[in-house]
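As written in Swiss-Prot, here are the features:
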TOPO_DOM  1-35  topological domain 'Extracellular'
CARBOHYD  3  N-linked glycosylation site
TRANSMEM  36-56  transmembrane segment
TOPO_DOM  57-73  topological domain 'Cytoplasmic'
TRANSMEM  74-94  transmembrane segment
TOPO_DOM  95-116  topological domain 'Extracellular'
TRANSMEM  117-136  transmembrane segment
TOPO_DOM  137-158  topological domain 'Cytoplasmic'
TRANSMEM  159-179  transmembrane segment
TOPO_DOM  180-195  topological domain 'Extracellular'
TRANSMEM  196-216  transmembrane segment
TOPO_DOM  217-285  topological domain 'Cytoplasmic'
TRANSMEM  286-306  transmembrane segment
TOPO_DOM  307-310  topological domain 'Extracellular'
TRANSMEM  311-331  transmembrane segment
TOPO_DOM  332-384  topological domain 'Cytoplasmic'
């Protein structure tokens, strides 16, 4: 009887992908706060991701290449927030021993566990790939010539990248065994799916850091050029706004036609020099953006490494690492859009009260939006 009960408990643990562990009765009370957190993330993430998808599909000005990758990530995050998180929250609120369908691993209960695990793996994989596509798109926009960018991100090429992200994620979900070892059997000395997940997260982090830190190194001239990135903190930093307002025609980057307009150039005081302000502002925004990714993904890297080598990991560390990674799915829309001027205008047209409140909060420090004509190229806002 003891062995049977232990096997059932272990099966429940493996079925929840180590998110709501039930290895001991003492953990039962701690599953309720975790379930409530998943419920909040599910509601907030579903609304935020759904709003971004609706805005981009409804407003022509938002239908750019960069936003296509953002919407792709929002669609993947929507599957996690709307389909997987509610199930995990409900299973955590059920009494111990009844959090799974009454069946063996090879029966209906096992199929249900694999389906939930596959749904989570598909959504998170596509979401992380979309983050990489957004970072690479912005890096090439800043560091390559407009003609090169336009040739690479043609409409059919962009559609191919989006389809490839889903195909790659689906192939990994179908071909690889579950992240957690199969319950009821002796754990292997090395569990390769967990190690592969850790390696993939490390590779994604390295790519993001390379792209965003490369942007900081390469962009040195114009505040307008940096504003193409739509970093979520750029429009609220006072140094950039003051420099742009006091010296609107000073030292802008030359357009594709050649030289800048020397008649408009004015000497700037050291405190408002655009290069110095731009380096400080872009560096801060990139640093915060990278910190969000590191905080959300690196704890899961270490948990995956420990699980891959069959090392014991405390329940609290497991739950916290998965919650942080899943929270990235709920915060993804805000991470890219909440300081974007075009998104704010679209939100004001859909939700006047919310949009007006957001506009009033940033009115004192907002930088005017930069049109494609001012940039001198369609690459920054290339439509689908």
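Glycine too: its Cβ is placed from the backbone N, Cα and C atoms.
Counting same-chain residues at least six beyond the ends of the transmembrane segment (159-179), those with a Cβ under 8 angstroms from any Cβ of the stretch are 14, 17, 68-69, 72, 76, 114, 117-118, 121-122, 125-126, 129-130, 133, 193-194, 196-197, 304, 307. When DSSP labels each residue, the topological domain 'Extracellular' (307-310) comes out as 2 helix, 0 strand, 2 coil, counted as helix, strand and coil in that order.
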